[in-house]
Amino acid sequence: MESWPWPSGGAWLLVAARALLQLLRADLRLGRPLLAALALLAALDWLCQRLLPPLAALAVLAATGWIVLSRLARPQRLPVATRAVLITGCDSGFGNATAKKLDAMGFTVLATVLDLNSPGALELRACCSSRLQLLQMDLTKPADISRVLEFTKVHTASTGLWGLVNNAGQNIFVADAELCPVATFRTCMEVNFFGALEMTKGLLPLLRRSSGRIVTVSSPAGDMPFPCLAAYGTSKAALALLMGNFSCELLPWGVKVSIILPACFKTESVKDVHQWEERKQQLLATLPQELLQAYGEDYIEHLNGQFLHSLSQALPDLSPVVDAITDALLAAQPRRRYYPGHGLGLIYFIHYYLPEGCGRVSCSPSSSVPMCQEHYRLPAWPYLCPGHSPGPRPQTGPLSHCPVSRAHVEQLQQRRFLVPLLFFQVF
């Protein structure tokens, strides 16, 4: 212990020197975060004294202090000046809120909407400055995309285009992959992937010229399997991988690419319960009889109820997502990935660090909708259906035909399990 003071003091000296330099540059956030960081370093110092040799302790303390102070640095922002940004999907939600904020900051905003007479478009026209331009565009129509690209090139000829925000997205059904029509997968890919790809490729000449930014709103459903979001998640997974490629390939041009992965937020689409009910009825009406008999209408009804319950817990304040998009556009060194909202850390921890079985239990529909093994295709869970024994079972009849299982499902529905907390914002 006698040799300890020099590494401990040396580490604190390095931390103090870094903090002093940041203070002189007005580049250090003061207050509770700084106090918490100092408390963390003090606790780490105490542990290192007892567990590590001096040189290792010096390295650990100095590295931790450097990282912590880097996180406490005030983010350096670029001036707005006359920068122009194009945002897709501004009828409502994140796109609408981002367009309003960027316009208020002084950006020249090109906002695309599905309908120029939609409530969101009329709101933007009423509350924003004359710099904001509303453009009608359907990402599934190449003619619309070509028209918007041409308008953007002409409109930004003098100022240049600084940023593209790929925000537009679509999810149609909440159901197992087998239940979703193939057309649903194609539609999600057209809007969420190919639409963003066409917009990005079409505007890259302008973005390379300005060394600008590409910001894409994706979803955690593209990073890991989420129950009943196969079509949407598949398209977002492809989109995230594409943006990862762009991020590497555009580095020589100075173009920075960021992905936004929001938690569950209460956008206009989420709040429209009538829309989800219509889509559920549409799915039930179009399902082949064989699938409807194998899965049962009760299963789809329960999934829809769980989904709506999870959306009722969505975060009402969209500002974390809007702030993340703004930071990705203006930060001198934007992050590659932003995770606005609460609860994401736990989900990613379960998926990436816990045993694979934990992720399957938490993300499987079977964890929220136990089914009688005589009627359903899930693994045999005799303790969920006490009236039946394990073993092979025919795929016949809906769950309502089994009174024991029906009562058990109703009992388990009241517990709600984890799945309502695992559904994420999907727009």
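Just so you know, glycine gets a Cβ as well, placed from its N, Cα and C.
A quick note: this is a predicted structure, and the numbers were derived from the prediction, not measured.
The active site, proton acceptor feature in Swiss-Prot is assigned to Tyr232; the stated evidence is sequence analysis. Positions annotated as NAD(+) binding site by Swiss-Prot: 82-111. If you look up Swiss-Prot, you'll see Ser219 marked as substrate binding site, on the strength of similarity to another entry.
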Can you check which residues sit near Cys90 (NAD(+) binding site), meaning Cβ under 8 Å from its Cβ, same chain, 6 or more apart in sequence, and list them in order?
Asn96, Thr98, Ala99, Ala111, Thr112, Val113, Gly120, Ala121, Leu124, Leu134, Asn167
Show which residues of the chain containing Leu86 (NAD(+) binding site), separated from it by at least 6 in sequence, have their CB under 8 Å from its CB.
Val109, Leu110, Ala111, Thr112, Val148, Thr152, Leu161, Gly163, Leu164, Val165, Met199, Leu203
Suppose we draw a 10 Å sphere around the Cβ of Gly106 (NAD(+) binding site). How many other Cβ atoms does it contain, all chains included?
14
Distance, Ser219 (substrate binding site) to Leu102 (NAD(+) binding site) (CA atoms, angstrom):
22
How long is the line from the C-alpha of Ser219 (substrate binding site) to the C-alpha of Tyr232 (active site, proton acceptor), rounded to the nearest angstrom?
9
Quick one: Cα separation, Thr82 (NAD(+) binding site) versus Tyr232 (active site, proton acceptor), in Å?
36
Cα separation, Phe94 (NAD(+) binding site) to the residue listed as 'active site, proton acceptor' (Å, whole number):
17
Using other CB atoms within 10 angstroms as the count, which residue among the binding-site residues Thr82, Thr98, Ser219 scores least?
Thr82
Of these binding-site residues, Leu102, Leu110, which scores lowest on Cβ atoms within 10 Å?
Leu110
List, in sequence order, the same-chain residues at least six positions removed whose CB sits under 8 Å from that of Phe94 (NAD(+) binding site)?
Asn167, Val217, Pro262, Phe265, Thr267, Leu318, Val321, Val322, Ile325
Please state whether DSSP places Ser219 (substrate binding site) in a helix, a strand or coil.
coil
What does DSSP assign Leu110 (NAD(+) binding site), in three states?
strand
